Amino acid sequence: MGLELPLILGTSSVFRREQMERLGIAFQAASPDFDETPMLGESAPQTALRLAEGKARSLTGRFPEALIVGADQVAWCDGRQWGKPMNLANAQKMLMHLSGREIEFYSAIVLLNTVTGRMRRHIDKTVVVMRQLDELHILRYLEREPDAVYCSCALKSEDLGALLIERIESTDPNALIGLPVFRLVDFLKNEGVEVL
């Protein structure tokens, strides 16, 4: 039955769409309609998983018979959650603060089968240690990588953001970009979708 269901990626992120396209399987991207406001007292992994689940569930009305992928990422450093800076000034401040620090990125992924109601869930933790950065390097990076303002912690690790990183600890290098591909492939296989 899984083979007959369309695959929907619940995201407005161009980066997650690009990751999915690299898998070479047919899918449709749809922007979820879901309130992503943080909840008081929620841990970073809890937030990431709640948002991934909410994104997937928000699309069930539009896609009542589908496999829906929801994903979200939350960064944690210095006792607080960090998001996307969304503009140059915020990105500069954020990167200056994160210089030389260790950041934990929690990338959650869910696969919802809307026919059976089964939802598979996973959270991938990636630890990133940032290099010591100065204002000049940050400005150069943001000039050459303007889309970084739409990335968690302004860190576009798949491109020039890699130059800001001293070390990465992860079981899935794709997770830092936003989509834990290794687990997604397992989830799809369990639903009868062969990627290879």
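Using N, Cα and C of the backbone, Cβ positions are placed for all residues, glycine too.
Taken from Swiss-Prot as is:
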type: ACT_SITE; residues: Asp72; note: active site, proton acceptor
type: SITE; residues: Phe15; note: site 'Important for substrate specificity'
type: SITE; residues: Gln73; note: site 'Important for substrate specificity'
type: SITE; residues: Glu158; note: site 'Important for substrate specificity'
Site of maximum Cβ density within 10 Å, from recorded positions Asp72, Glu158: Asp72
In three-state DSSP terms, the structure that Glu158 (site 'Important for substrate specificity') belongs to: coil
All-chain count of other Cβ atoms within 10 Å of Phe15 (site 'Important for substrate specificity'): 16
Glu158 (site 'Important for substrate specificity') versus recorded positions Phe15, Asp72, Gln73 - nearest by Cα: Phe15
Neighbourhood of Gln73 (site 'Important for substrate specificity') by C-beta distance under 8 A, where only residues 6 or more apart in the same chain count: Ala48, Phe105, Tyr106, Ser107, Ala108, Ser152, Ala175, Gly178
